[in-house]
Structures are given as C-alpha cells and as structure tokens.
Amino acid sequence: FPGLADVSISQDIPVEGEITVPVGSHSPDEDYSTLDEPVRDTIMRDLKAVGKKFVHVMYPRKSSALLRDWDLWGPLVLCVSLALMLQGGSADSKDDGGPQFAEVFVIIWFGAVVITLNSKLLGGTISFFQSLCVLGYCVLPLTVAMLVCRLVLLAGAGTVSFIVRLIVVVAMFGWSTLASTAFLADSQPPNRKALVVYPIFLFYFVISWMILTFTPQ
C-alpha cells in the first residue's frame with residue numbers, strides 16, 4: 001500500500017502478550033508414540049502385557065490390573081488352545097473334530113458375551129470389552145486342567161485316571177471362578193453380586209464339564 005513505508009513505530013510502545021515459546025512445559029507422554037517404534041519392540045511389549053495378565057490370573061486378588069489395560073489377545077489364544085485340545089473326542093468316530101472346534105469356540109465367546117451383557121444390565125461399572133477380557137483370561141486355569149487331563153489320558157482311561165482328572169478339573173474350576181469374581185466384584189452393585197456370580201459359575205461349569213467328559217478317539 002502506498003504510504004506505509006513512511007510510517008514509523010515508536011520504540012517506546014510496549015508489546016502486549018507473551019511471544020516466547022515455553023520449553024519443557026509438555027508432558028513426557030506427548031512425546032511417546034509407537035509410530036516410529038520397531039515392530040519387535042511392539043510385539044515384545046504386548047507379549048509382556050499378556051504375560052503379566054496371566055500372572056494376575058494365576059495369583060488372583062482384588063485388583064484392577066486386568067481392567068486397566070484390557071486386550072483380547074490372551075483370551076483368543078486360550079480359546080483356540082482349549083478348542084484344539086478338546087477337538088477329536090470319541091463322541092462320534094466319523095467326525096474329524098471340525099464341528100467340535102467351532103462348538104467350543106462359540107460356547108466360550110457366546111457365554112462370555114451373555115455374562116457381560118448380564119453384568120451391564122445389572123448396573124456394572126466396567127466396559128463391555130473389559131468384562132470380556134477378564135472372563136477370557138480366567139479361562140487359563142481350565143486350559144491348564146485340559147492339558148493335564150490330556151497327559152493323564154495318555155496313561156490310560158480308568159478309575160484312577162478319572163479321579164485324578166476330577167480333582168484337577170474341580171480345583172481349576174474353583175480357581176477360574178474365584179479369579180473372575182475377584183476382578184469383577186468391585187464393579188457390581190453390592191445387592192446384585194449374586195446375580196452376576198451365578199452366570200459366571202455356570203459358564204465355567206459348562207467348560208469344566210466338557211473337559212472332564214472328554215475322551216480321545
């Protein structure tokens with residue numbers, strides 16, 4: 001614009017406001033990003049997180065560890081492992097075990113979803129996926145029971161074998177039930193805890209019954 005070049009600003013006029021850029025005022029979390037992280041570090045971090053959740057299930061106590069950073073990788077691995085070990089039973093010698101795998105897979109995930117919906121309808125304060133995470137991770141003792149039963153059945157199927165499998169399955173059933181209720185107890189209304197625990201009891205009881213009655217081909 002013509003004439004602007006001749007306009008001069010007095011040096012005595014104060015400049016209002018802060019024009020300096022603050023250094024070190026942002027939190028360290030803002031600099032943390034996994035976009036530039038190596039794939040190996042990401043995988044190892046996730047594996048460590050899953051392993052810590054397994055430890056919390058094997059040593060259950062009232063804690064929010066499984067709820068704080070939920071994931072479904074552990075439940076998926078446990079579900080697939082349990083379904084693979086349960087397939088190939090002798091209920092039908094003409095069956096190759098394929099439908100049995102799908103049956104176990106659907107029972108576990110459908111049961112977990114139903115229990116989660118029941119918990120939410122009764123006023124539970126945890127999210128849908130947090131409940132799925134807890135129920136899925138607490139299948140770990142029953143997966144261990146299935147592994148022990150498979151090893152016991154290798155020695156033969158008799159009365160002693162059945163008693164050993166019964167003791168192992170009952171112990172792991174109680175472990176899974178207590179672990180899940182320990183993590184979910186504080187998220188339910190005090191006067192409705194029994195209505196939440198009962199479906200959990202049935203859920204793990206059905207899985208335990210499938211493990212106890214399993215006989216290989």
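Note that the numbers count up from 1, one per residue, in the order the chain is shown.
Heads up, the Cβ atoms here are built off N, Cα and C, so glycines get one too.
What TrEMBL records for 57-210 is domain 'Yip1'.
For 70-89 (among others), the entry in TrEMBL reads transmembrane segment.
Summarising the annotation, TrEMBL assigns transmembrane segment to 101-122 (among others).
What TrEMBL records for 134-156 (among others) is transmembrane segment.
The transmembrane segment annotation in TrEMBL covers 162-184 (among others).
Within its own chain, the transmembrane segment (196-215) is flanked in space by residues 82, 86, 89-90, 104, 107-108, 111-112, 114-115, 118-119, 122, 124, 135, 138-139, 142, 145-146, 149, 153, 157, 165-166, 169-170, 172-173, 176-177, 180-181, 184, 188, which lie at least six positions past its ends and keep a Cβ under 8 Å from the stretch. Residues annotated as transmembrane segment in TrEMBL: 196-215 (among others).
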Segment confidence, the domain 'Yip1' (57-210), expressed as mean pLDDT: 80
